[in-house]
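Below you'll find the structure, written out as structure tokens, and then a few comments.
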Amino acid sequence: VIGGDECNINEHRSLVAFFNSTGFFCSGTLVNEEWVLSAAHCDSTNFQMKLGVHSKKVLNEDEQTRNPKEKFICPNKKNDEVLDKDIMLIKLDSRVSNSEHIAPLSLPSSPPSVGSVCHIMGWGSITPIKETYPDVPYCANINLLDDEVCQAGYPELLAEYRTLCAGILEGGKDTCGGDSGGPLICNGQFQGIVSYGAHPCGQSLKPGIYTKVFDYSDWIQSIIAGNTDASCPP
């Protein structure tokens, strides 16, 4: 996250850190005691998820590590289009209980409205060009913008993609490399998943692109309920 500050240790209890053999690479959001939501482009072989992390160098007493038991990506996702259905639901190999630094974030009850203030968080780069990765997550507030702003800034963003556009028009506050899969929380509701953006991060008129969680709520709830053949919206 660029243009932000170190998150308060208690304001990211649902944020999950993903690690593979090369180290930290993505985030996710705990949606209940057994399930994490992330971006499809964060799928990796043999990764672990750590919950309750603040500093990657200092262990919290209640930190928990889990492995993916099952991973679900939309069966109708166009794999050659990174922006299409960039969402992945992960079942943990065992449940996690709430603690001082761990708590789930529920799915949204309604879609967000343009103009909402949204909160971003992550261990991604805090500098736009030469990437600098912090040990602690950074947080910032940005605005939910009209989809047309992102369609103008990104010709590859098709109108039918179920995405949200969020940032600051003049630039300077944005998610960045390493923030993928983390949450966009608008007016206290979990509305987006960090999916895509410009390089360097934080350019004017090139806000971040987030998968629109609300549109996938039925799919998510179906899979959690055990209907693993559920299909995503087109």
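Heads up, the Cβ atoms here are built off N, Cα and C, so glycines get one too.
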* If you pull up Swiss-Prot, which of C150, C186 shows a disulphide to C165? -> C150
* To do: With reference to Swiss-Prot, specify which of the listed residues C42, C176, C186 is paired with C118 by a disulfide.
  => C186
* Asked: Considering the candidates C74, C139, C176, C201, which is the cysteine that Swiss-Prot reports in a disulfide bond with C232?
  -> C74
* Asked: Taking the Cα atoms as reference points, how far is H41 (active site, charge relay system) from C139 (disulfide bond) in Å?
  -> 22
* **Nearest of the recorded positions (D86, C139, C186, C232) to S180 (active site, charge relay system) - Cα to Cα** => D86
* Averaged pLDDT, computed only over the residues in the domain 'Peptidase S1' (1-225) -> 97
* Anything within 10 Å of D86 (active site, charge relay system)? Look among the disulfide-bonded residues C74, C150, C186, comparing CA atoms, and list what you find. => C74
* Euclidean distance between Cα atoms of C165 (disulfide bond) and C26 (disulfide bond), Å -> 20
* To do: Return the single residue from the recorded positions list (N20, S180) that has the minimum number of other CB atoms within 10 Å.
  => N20
